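Structure first, commentary second.
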Amino acid sequence: MPSKPAVVSVIGSLNVDLVTRTPRVPVGGETLTSESFDIGFGGKGANQAVACARLSRTQKQASDGEASNVEVRMVGAVGDDEFAGGFLKSLQKDGLKTDGVKVLKGKKTGVAVIIVETGSGENRIMFCPGANYDVEVTDLVDDDASVVLFQLELPLGVVLHNMKVARSKGVETIINPAPATPLPEDAYQGLGHLIVNETEAAILSGIENPTNWDEVAAVFVARGVKNIIITLGGEGVYYQTDKQQAQSQPGRLVPARKVKVVDTTAAGDTFVGAYTVAVARWEIMSQGADFDLDAAISYANRAASMTVQKAGAQSSIPWIDEVPSS
């Protein structure tokens, strides 16, 4: 193990998930009786941070307080309400550092209302940001960070400012721009890793109903992105790099692992967390070697495949020793 761990700073949202499971979603004006209701902790930021933590250690390591070669820090805000204390304890139990999470007086913790269709496992989410939107535009990137991970559930100004800070500090940067919001051109310049799904790829590239992923990737490479990853659900994951495109090489599709899908709620966040851990480990252990994108995506696919087989958000994210080797 390196003398110092890689440091992953996740700058993002913390939400309480209100999850209802139903055979189908009601139409306008219709009332249905759901199958179940649960309250859990989530938010894309917190989910991805938990995924980073769990996929860099075993549950025993976390409970025993053992060090890992990846230290994960959550940066964001919660309200001073009934949810805050339990939320922070839950993150700490998973091995996360929470010094960067502010408890804002007089504010409410963000809430996500999630409806899961039990037949397909597909979900629909409504997000009320609460304290997440009270995070101020200040420098949030730690000087010793190896990797910084962003989403778009914080105010856009906070994200864009800290992407610039990360770039100025030479910190490897990953963004999962969800919910999809068009970004200014300079946000892409020098960006290490862009992770999007099909919908986000269409919105951010400006290509409506894309089918040629090489064409989509070319848009992002032209803007300055080094590695483009597009998750395609059951089809797998497409990726392209600036180096490959410069050599006129097509992108590659890594097939999805075939499993029985129960709930897709945290699948994308698990994928992003697993990928981020791979980047962090490469940062401290590569000794000049190129990043193995194919191996990182294959691992992230396997981790996400474990998540979709369980109900829930953070509760469904696997630990490192629960991810199959193939």
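Every residue gets a Cβ built from N, Cα and C, even glycine.
Here the structure is a predicted model, which means the values were calculated and not measured.
TrEMBL lists THR231, LEU232, GLY233, GLY234, GLU235, GLY236, GLY268, ASP269, ASN301 as ATP-binding residues, and of the candidates ASN197, ASN209, ASN212 the one it assigns to that same site is ASN197. Among the listed binding-site residues, namely ASP17, ASP269, the Cβ with the most fellow Cβ atoms inside 10 Å is that of ASP269. Shown are the binding-site residues LYS44, LYS310; of these, the residue with the fewest other Cβ atoms within 10 Å is LYS310. Confidence across the domain 'Carbohydrate kinase PfkB' (8-319), taken as the mean pLDDT and rounded to a whole number, stands at 95. Cβ proximity to the K(+) site centre (mean Cβ of ASP263, THR265, THR307, LYS310, GLY312, SER316, cutoff 8 Å) flags the following additional same-chain residues: VAL262, THR264, ALA266, ALA267, VAL308, GLN309, ALA311, ALA313, SER315, ILE317.
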